[in-house]
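A.B. asks: I'd like to ask you about the structure that follows.
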Amino acid sequence: MRFRIYKRKVLILTLVVAACGFVLWSSNGRQRKNDALAPPLLDSEPLRGAGHFAASVGIRRVSNDSAAPLVPAVPRPEVDNLTLRYRSLVYQLNFDQMLRNVDKDGTWSPGELVLVVQVHNRPEYLRLLIDSLRKAQGIREVLVIFSHDFWSAEINSLISSVDFCPVLQVFFPFSIQLYPSEFPGSDPRDCPRDLKKNAALKLGCINAEYPDSFGHYREAKFSQTKHHWWWKLHFVWERVKVLQDYTGLILFLEEDHYLAPDFYHVFKKMWKLKQQECPGCDVLSLGTYTTIRSFYGIADKVDVKTWKSTEHNMGLALTRDAYQKLIECTDTFCTYDDYNWDWTLQYLTLACLPKVWKVLVPQAPRIFHAGDCGMHHKKTCRPSTQSAQIESLLNNNKQYLFPETLVIGEKFPMAAISPPRKNGGWGDIRDHELCKSYRRLQ
């Protein structure tokens, strides 16, 4: 039997099949993207703290001790679908960088100050910070970037309530929440914190070779903050699109800070004073932890001091030049055995930066630490009590706020400050390498 082939019919049939395939593919692609980016669905399901593990265990020989006995090996954890969807969502949001509360014509650009707030999971304090921002004069001119290491419906709702200034949310892509059962989270194959190194080598846990200076193994909950801070520093200066040609300052805050209503007014005058009378000042700080009761006689005064991590880590403002000098110290920052980002910076001022930092700081603080609980505290959180005390101080001194001019009150001798004894918690080579990698990330 002879078959007759009609080229026109074959061509038409081919085009019809291709069109049907494209429609099916594109509809599935849109559905997958919509599913991945739907906050209500993600927020309605709690993210589990660990993946699912197989019931049986294998046997492996310790690689660094040929004479060691065979030990059970914990299998590599599986990653549940919800965790993968969170990772996908974070990647997409960091790529899209959707600005809110700005004109949609594409002509908006940031002013002379950008705020970057490091946010974990303390919404009660974040609410106070947002309230203080809402009361700040001139805040409509300021871009506020919230950098998160925890996805939360409550926190996202709080950020959505910010309608008084431009807002951008970015997300630390290597958080414990996104890697709950593997590094940089807590891998079940990791060594227990207090296990001795010899015992760890015999056990064969994966980081047995890398305890910290005090013989302890890493704890992810402590490592994360330093990781987040360094990633955020690089990301906002190098990867936030709207800041690519930015020449102003970036003010770094944390979720438990509280700002005075004249902080921006004072900041602009500090910046002008720095340019005119202290060109050698490297950084600006909005205040210290010193308790004061009255702004009388000091509200218009700033001091020039040697930067000290335990005093000047709140409201730290950096220029691009200061950032570029810092980022050149990546290896030193990422290998220094202290899980505190600020104490590590103190070490950099001695070991890597061209000189010790000179800071310009107001005698009457325009920033306050509302968080009396958290990583370094064991107290019960009392945000309402703290905020009431701060508000009382500001109300009692409102006649001294918004000074017309600023003057340098005192210039202290510049001298290197020895960093406090390092705290450890940062001996794991995996932390070192991940930290270094942020500079290479696109």
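Glycine too: its Cβ is placed from the backbone N, Cα and C atoms.
So Swiss-Prot has the following annotated:
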| type | residues | note |
| --- | --- | --- |
| BINDING | Gln118, Val119, His120, Asn121, Arg122, Asp149, Gln224, Thr225, Lys226, His227, His228, Arg293 | substrate binding site |
| BINDING | Asp256, His369 | Mn(2+) binding site |
| DISULFID | Cys191-Cys205 | disulfide bond |
| DISULFID | Cys278-Cys281 | disulfide bond |
| DISULFID | Cys329-Cys352 | disulfide bond |
| DISULFID | Cys334-Cys435 | disulfide bond |
| DISULFID | Cys373-Cys381 | disulfide bond |
| CARBOHYD | Asn64 | N-linked glycosylation site |
| CARBOHYD | Asn81 | N-linked glycosylation site |
| TOPO_DOM | 1-9 | topological domain 'Cytoplasmic' |
| TOPO_DOM | 30-442 | topological domain 'Lumenal' |
| TRANSMEM | 10-29 | transmembrane segment |
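Could you place the listed features in the three-dimensional structure?
C.D. replies: Within 10 Å of the C-beta of His228 (substrate binding site) there are 21 other C-beta atoms, taking all protein chains into account.
Cβ contacts within 10 Å of His369 (Mn(2+) binding site), excluding its own Cβ and spanning all protein chains shown: 19. In this structure, His369 (Mn(2+) binding site) is part of a beta strand by DSSP.
Non-local neighbourhood of Cys205 (disulfide bond): Arg189, Asp190, Cys191, Pro192, Leu195, Tyr217, each in the same chain, at least six residues away, with C-beta under 8 Å from its C-beta.
Taking a C-beta cut-off of under 8 angstroms and a sequence separation of 6 or more, Cys278 (disulfide bond) has the following same-chain neighbours: Val304, Lys358, Leu360, Ile408.
In the shown protein chains, 16 other C-beta atoms lie within 10 A of the C-beta of Cys352 (disulfide bond). Reduced to three states, the DSSP call for Cys352 (disulfide bond) is coil.
In the three-state DSSP scheme, Cys435 (disulfide bond) falls into the helix class. Of all Cβ atoms in the protein chains displayed, 23 besides its own lie within 10 Å of the Cβ of Cys435 (disulfide bond).
Around the Cβ of Asn81 (N-linked glycosylation site), the number of neighbouring Cβ atoms within 10 Å comes to 9.
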A.B. asks: Using a Cβ-Cβ cut-off under 8 angstroms and a sequence gap of six or more, which residues of the chain neighbour Gln118 (substrate binding site)?
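C.D. replies: Spatial neighbours, sequence-distant, of Gln118 (substrate binding site): Ser147, Asp149, Thr225, His228, Trp229, Lys232, Phe252, Leu253, Glu254, Glu255.
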A.B. asks: Quick one: of Cys281, Cys329, which of the disulfide-bonded residues has the smallest count of other CB atoms within 10 A?
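C.D. replies: Among the disulfide-bonded residues Cys281, Cys329, the sparsest Cβ neighbourhood within 10 Å belongs to Cys329.
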A.B. asks: Taking Cα-Cα distance, which of the recorded positions Asn81, Asp256, Cys334, Cys352, Cys435 are within 10 Å of Lys226 (substrate binding site)?
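C.D. replies: For Lys226 (substrate binding site), the recorded positions whose Cα atoms are within 10 Å come to Cys334, Cys435.
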A.B. asks: From the Cα of Asn81 (N-linked glycosylation site) across to the Cα of Cys334 (disulfide bond), what is the distance in angstrom?
C.D. replies: 31
A.B. asks: Within 10 Å of Asp256 (Mn(2+) binding site) (Cα to Cα), which of the recorded positions Arg122, Cys281, Cys329 do you find?
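C.D. replies: Cα filter at 10 Å returns Arg122.
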A.B. asks: What Cα-Cα separation, expressed in whole Å, is found between Cys352 (disulfide bond) and Arg122 (substrate binding site)?
C.D. replies: 34
A.B. asks: Just give me the nearest neighbour of Cys435 (disulfide bond) among the binding-site residues His120, Arg122, Gln224, His369, Cα to Cα.
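C.D. replies: If we rank His120, Arg122, Gln224, His369 by Cα distance to Cys435 (disulfide bond), first place goes to Gln224.
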